[in-house]
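What follows is one structure encoded as structure tokens, with my remarks underneath.
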Amino acid sequence: MPLLRVPYTDPLPHPKIIPATANTASGAIAALVDFLIPSLPRTESRHWGTLNQHGVASKHREGHKTVLLTGAGISVASGLADYRGTNGTYTLNKTYRPIYFNEFCESHEARKRYWARSFLGWFNLHKARPNAAHRAVGRLGELGVVGRCITQNVDSFHPNAHPHVPTIELHGYLRSLVCLTCRNEYSRDAFQKQLSTLNPAWSAFLDEMLATGALDTENPDERRKRGLKTNPDGDVDIPNAPYTTFRYPACPVCLAKPPPRPDGSIPQIKVDRDGAWSPRSDGGILKPAVIMFGESIPSPTKLVAEQAIDEANRVLVIGSSLATYSAWRLVKRAKERGMPIGILNIGGVRGEETFFAGLSDSNTGREAVRCSENADKILPQIVKIVEEITARKGR
């Protein structure tokens, strides 16, 4: 059955903090450390006492690691927009609607609009770097607590920050493009240079924005004053901009030698005198290597994400409201297998009440944890405590 990436825009309820002591930063840190302790290598059996009474730990071998599921919230400290945070797109821009896969594939005008906005947004996305939360994930991997990371983000921060901790990019990545005809991938950096060459007026406009610092501020109020709306995935909206004038290149492989389709027909790739894709073409369209809304997640990606859940002993969600079903179903899968669920996310999470049913009154975080704090502030503190615990065990 195809697994689509579908947006969920309904309001989410306020979180119920679990345990109640996790309503402060220090309380959240303590609860999360308690949640992660069973994933430490050679954890003593006494750590499983309470869980065995509730039929959780008995389903997982001692020493299995935590799998992380991260969303846009973990990258906010890097200067990127999220969807539902205090300054998130759905919070500040009630009329925002992301482009859908079928629109991108079928409409030349939709592609011009998409690539124009992406052209303006790529500079900030490209210069952004992983933050303290991403680095903390890497350290937790080195300590043997975290085994894998499943991310909904397309910014490549996780694989860049911790290549030693395997990352499953559930929704793809913006660092590359993929041709819808031949399926070859291309560098987004090189593509940006082509866009600049094909669109000199837009390139001059971008240079002016950079020179005046219009793209430097991370304050949404300041950006609105300057006529900008920044959205996730490197999208910058300029109201009343002439998107219809924007041009984008065709796939170079298809242009040189288009591959035959399954029915034996040959795609016709046409370009203008500057090399821009022409609507007279019926192939050679380059698309960001992300899973767009309305697009199916590839079966291999779906299966490896499910495997990561099945091989873990618990799941910690960081910076995600689980608004997309593709992510929510993975946490549901873990819950159905009796795994403890932890959530570190500011604001509500889709269907979170189903993940925290049946907890004991004595839960201090080991069975489950739900806190609403900034990941870049909390995770480094957790690393320090886990390092201390590991050092004591090694004595």
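These residue numbers are counts, starting from 1, taken along the chain as shown.
Cβ from N, Cα, C; glycine included.
TrEMBL labels come from automatic prediction, so no person has curated them.
These features come from TrEMBL:
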DOMAIN    46-392  domain 'Deacetylase sirtuin-type'
ACT_SITE  His171  active site, proton acceptor
BINDING   Cys179, Cys182, Cys251, Cys254  Zn(2+) binding site
REGION    215-236  region 'Disordered'
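Taking the centroid of the Cβ atoms of Cys179, Cys182, Cys251, Cys254 as the Zn(2+) site, the other same-chain residues with Cβ within 8 Å of it are Leu180, Thr181, Arg183, Asn184, Ala250, Pro252, Val253, Leu255, Pro258, Pro259, Ile269, Gly283, Gly284, Ile285, Leu286. Note on the residue listed as 'active site, proton acceptor': other Cβ atoms within 10 Å of its Cβ, all shown chains, come to 22. Other Cβ atoms within 10 Å of the Cβ of Cys254 (Zn(2+) binding site) number 23 in total over all chains.
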